[in-house]
Ligand SMILES: CC(=O)SCCNC(=O)CCNC(=O)[C@H](O)C(C)(C)COP(=O)(O)OP(=O)(O)OC[C@H]1O[C@@H](n2cnc3c(N)ncnc32)[C@H](O)[C@@H]1OP(=O)(O)O
Ligand SMILES: CC(C)C(=O)C(=O)O
């Protein structure tokens, strides 16, 4: 039988402790409402004593949220408990979350207390908080570097004093999955009370093991997972909610866990947090990174097009994404290219497809990302086929603001290779004059324009120009990531039309 795990979200408290992740009152309320839609069990809304702003946001969230428990953090100090209660008393289901450090390092250097004093403080503060609130969570800060016998004894006493949830945090992200499992199991064996309450785990990601540690803890009896959206939090962050939840969802077979989360709200929640804080998740972040459901390589794209499960262990829809993403780039193959053409409404013959694919690969070598407009540009360029009398082989430009521009252009015409050099008013003009010399016909440039067909630093530029010959106008188009090359190609394509008109198809 699958076991239920309660999800305790601390994005608004520990998450907000990330540098750069502060949120104002309205943003916190908006985020809390989204967490309610996501169906977390507990929202830790803040640390009420921390500042008047924190107090107000905890209070307002307590008033707005109807379906989740709302908690405030509090040190083991009566004034912290008073503030926490004043803020959360409006909640339908309020919780006071109090904590004190239990590791020798923290007790000696930070609190400057003997273990007996910490024990006494912990018991007294739970009794104090219990006067206000039924639901009391007690956390032993830096538990994983604490003595398990001491913790078992302390937990028994705070449970008898009224704690309803016991949290065993890995405050500094120090433990490993196996160690954490044995640590919690040992404490449970030594405690007579722990099985009467919820056991919570709260893992930090300093060694990148927060999610693995969280999941390992459930085998030792943990029933509540503390986590944050996008894994934000102090230092390297907390266990990421979306990773824990989707691991439970996808590997129900081995983990045997379930929770109340509506997984289809995951992407929306992640995006809302990034928008509010301005902190974007890395592209390869599990579940919510922009690449998490993207495929670029041909072999993977072919597999996914045949059967999605070849390379996808979850559906994009399950986290609220409308579809996966086929990224066309230099690693892509013909299957994905043809599929995208179909989506764009192009049905090409075998030959046309092969030619377009070749051009796509050439372009993909020069450009990081290929956009739909790039593909459309390739296909439309190929629809009207004029014979290529002249083809650009290479060119060299020498230009600057203090010298006259010079262009050396090399074209091929069937088996011949022809080279010309020309100066001009700028690099494009010099190159055009060199082509004109090679073509040996009289041409006037009537119009010339350049625009980018795609976005980004490596966007393709399209040159469109009009040449006049014998009172007739000929349009030329050229496409390249290099604007001079695009311009020369445009010029040559118009010249080829002129020659086609003058000499007829037989000459080609
Ligand atoms: C592991 C965690 O994430 S714990 C939560 C961490 N989050 C935060 O600290 C964010 C909010 N914090 C704050 O705004 C401030 O630190 C406050 C308002 C809580 C306290 O501010 P200050 O009174 O200026 O104290 P300061 O932060 O410098 O030092 C912490 C004090 O709390 C004491 N303290 C720390 N933890 C506890 C505890 N669990 N119970 C009792 N006292 C504690 C320290 O010993 C120190 O006491 P001292 O002032 O008598 O020396
Ligand atoms: C207060 C506790 C739960 C905490 O944030 C930690 O130990 O990291």
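Numbers here mean position along the shown chain, with the first residue as 1.
Cβ atoms here come from the backbone N, Cα and C positions, even for glycine.
The Mn(2+) site recorded in TrEMBL comprises 202, 204, 238 together with one of 14, 415, 425, 429, namely 14. Model confidence over the domain 'Pyruvate carboxyltransferase' (5-267) is summarised by a mean pLDDT of 97. Just so you know, of the binding-site residues 202, 204, the Cβ with the fewest other Cβ atoms around it within 10 Å is the one at 204. Under a cutoff of 8 A between CB atoms, and with a sequence separation of 6+ in the same chain, the neighbours of residue 238 (Mn(2+) binding site) are 10, 14, 15, 202, 203, 204, 205, 210, 226, 227, 228, 231, 232. Contact annotation for binding-site residues (14, 202, 238) versus ligand 2: 14, 202, each with CB under 6 Å from a ligand atom. Residue 204 (Mn(2+) binding site) falls within a strand when secondary structure is assigned with DSSP.
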